[in-house]
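As written in TrEMBL, here are the features:
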type     : residues  : note
DOMAIN   : A:102-382 : domain 'NADH:quinone oxidoreductase/Mrp antiporter transmembrane'
DOMAIN   : A:389-570 : domain 'NADH dehydrogenase subunit 5 C-terminal'
TRANSMEM : A:44-70   : transmembrane segment
TRANSMEM : A:82-101  : transmembrane segment
TRANSMEM : A:147-167 : transmembrane segment
TRANSMEM : A:173-190 : transmembrane segment
TRANSMEM : A:211-233 : transmembrane segment
TRANSMEM : A:300-317 : transmembrane segment
TRANSMEM : A:329-353 : transmembrane segment
TRANSMEM : A:373-394 : transmembrane segment
TRANSMEM : A:415-440 : transmembrane segment
TRANSMEM : A:455-478 : transmembrane segment
TRANSMEM : A:490-510 : transmembrane segment
TRANSMEM : A:552-571 : transmembrane segment
Amino acid sequence: MCFNSLFFLFFFMLINFFFLVYFIMNGLSVFFEWENVTFNSMSIVMSILLDWMSLLFMMFVSLISSVVIFYSKSYMNSELNLNRFIILVLMFVFSMVLLIISPNLISILLGWDGLGLISYCLVIYYQNLKSYNAGMLTALSNRIGDVMILMVICWVMNYGSWNYIFYFDFMKNDYVMFIISFMIIIAAMTKSAQIPFSSWLPAAMAAPTPVSALVHSSTLVTAGVYLLIRFNYLLIDMFFFKVLLFLSILTMFMSGISANYEFDLKKIIALSTLSQLGLMMSILSLGFPDIAFFHLLTHSMFKALLFMCAGVIIHMMNDIQDIRYMGGLSLYIPLTSLCLNISNLSLCGIPFLSGFYSKDLILEMVSFNSFNLMVFILFYLSTGLTVFYTFRLIMYVMINDFNLMMIYNLYDEDYIMLNSMFVLLFMSLLSGSFLSWFIFSYPYMIYLPFNLKLMVIYVSILGSILGFMVSNMSIYSLNKLLMSYNLSSFLCLMWFMPNLSTYGLSYIYLNFSQILFKNIDMGWSEIYSGKGIFNILKNYSVFYNVYQMNNFKIYLFSFILYFMILFIFFFI
Amino acid sequence: MAQIPLGVKTHAQKVCSLYKRALRNLEAYYDRRHVYRYQAVLLRERFDKHAKETNMIKANELLKEGEEELFLKQHPIPKYFATSPGGVAHERVVTPPDWVLDYWHPLEKAQYPEYFKKREQRKKEFVAMWEKEYGKPDEKDKHH
């Protein structure tokens, strides 16, 4: 099953690649329409839009999913239900492709709901308590987005059809469009885990690692960004641009800080994904959808690679995900640590790896267009934080001593996993330059003063020094400052937002419902209908038992007496 | 309704439990082994100072203060082993108990004829082995 899906998806990717090159060279964009039913003035039409953006994204999604399925052949080796797993992953890829190619809201809804549902099934794949809770959190957060899209479908009926791409140029200042954009932004925020809805992404790391590599790094969470890229004309309205910018920058900053205090390997990578998603959303809200798309694609490459390396490490450590148990792994798993290093450095934006092209372009555009001072500070601070937690992770995982056992034997000779990682390694090295040639037909002209241009490097160096110092336990004074109890527990638990948005929101209602249940359902309504009537009948029967003198025939005779009395009353 | 206590712990047991939890907490904060060892020695010294305390009132007060201090200083992300309760991989793979096989439908049992042919015999042998090692069960234990 794994090999079949691998070859199918890889072949699909190659088809997409050839079509992509052809379409870009000829500037084509194809819109298929199948008319299912037409009756009087109503027509049900299924449409598919293939332009360079959809083809490029489909190519990347199919590449990553083929590699991840091949990887999971070895990773999920001991699973009895591997068939179910592969089928779920394939269904996920299918929903994602449906989302990517659809120009109308109904098929976007099908893909969107499919993504949410299947990611729930994948998160609860290991059936323990943590997975169930994480799955609930994931599914319910995504559900809010689904509701928003359903309402958008209702509002778009005002325009006559669900093909949103036709309406942008004409309806920009309409009241209806205002409401639609508001709801679309909320839907994208739930899927891409921006600030009010950001608690599900670290929790969803209870899923198996191939699921995290595919779903939570490249496809599910980028679906929200992709939706907003398609709808980006709506963001030109001043109000939405500010709201989205504010929330996404806060997300970027908050997750960057939380990743520094977090000790679970997959949660650190999840928070780093969250930070990059905030970056994508913020550059999108500043009015550069193509740069956001560029960063989406390069990020998906190295983040999937990072998750796969984390999977190898977790396998090696007997399912332990805590980085405090790990160390010195670069000596034992050189090839995996090669992939880990390259993807981490790409994430930091080290020159000429793939992350550099997109991240540096984003930061230069932010500096070049004069925005707020807070925007500027938070962008660069978050970049520094990225480098900070990356170097902290590298120190903990690869450079310090091994912390689990005294005697150990670690190896990464699993060639299936390594081969799948090498494919992504190749792409994560070169996709930056490839994509900058594909997507941008002419480069952005950016003129910046010298120090501003080098600001990224200053911030990266500062972040790396701090990352090195924090993970080196012997330097106490800095640790005591950064790790004071109140501060660190506030920052590592994501500013307590998961608690606020789950326990905080539902506690009052659950408490109230318990009061109602105990007092009404099990209280008064029992007295007046259930047990109460039974008690009345029972008490009457006890009372009249005296007259029956324990003789059943007298009881039966009382029925005849009753009919005789009735007869006398009504007929005489 | 008054709760019947499930067990009574001695003072020594409570102190040892506090000590072990405090050590695990230290391990969460100081993950390099040599640093942890230093802090663990300091903690041991704090416990050893009051080890020979004979005044039970004072001993209970110290225990209570210790628990309070541990609660206030507990690490927000404690270090758990993966397959233990609280860890990531806890109960990922659940094995059904043996008596479930007795409830299988005859058609399901027919898919594994060799195993089910010997199953009753194996059950008898198991009971015999158990009773040889631990003796016959009490009549009182069979009834709730």
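Note that Cβ sites are derived from N, Cα and C of the backbone, with glycine treated the same way.
The recorded stretches the transmembrane segment (A:44-70) and the transmembrane segment (A:373-394) do not share 3+ CB pairs below 8 A when only pairs 6 or more apart in sequence are counted, and are therefore not in contact. Between the transmembrane segment (A:415-440) and the transmembrane segment (A:82-101) there are fewer than 3 Cβ pairs closer than 8 Å, counting only residues 6 or more apart in sequence, so the two stretches are not in contact. Segment contact is absent for the transmembrane segment (A:173-190) and the transmembrane segment (A:300-317), given fewer than three CB pairs below 8 angstroms at sequence separation of 6 or more. Packing against the transmembrane segment (A:147-167) from elsewhere in the chain are residues 47, 49, 103-106, 108-109, 112, 176-177, 179-180, 183-184, 186-187, 190, 230-231: each is 6 or more residues past its ends and has a CB under 8 Å from a CB in it.
Panel annotation: around the transmembrane segment (A:300-317), residues 60, 64, 67-68, 71, 75, 209-210, 212-214, 216-219, 222, 265-266, 269, 272-273, 276, 325-326, 329, 333, 336-337, 339-340, 342-344, 346-347, 353-355, 397, 404, 410-412, 414, 417, 420-421, 424-425, 427-428, 431 of the same chain, lying at least six beyond its termini, place a Cβ under 8 Å from a Cβ of the stretch. Outside the transmembrane segment (A:552-571), and at least 6 residues removed from its termini, no chain residue falls within Cβ reach (under 8 Å). Across the residues of the domain 'NADH dehydrogenase subunit 5 C-terminal' (A:389-570), the predicted structure has a mean pLDDT of 86.
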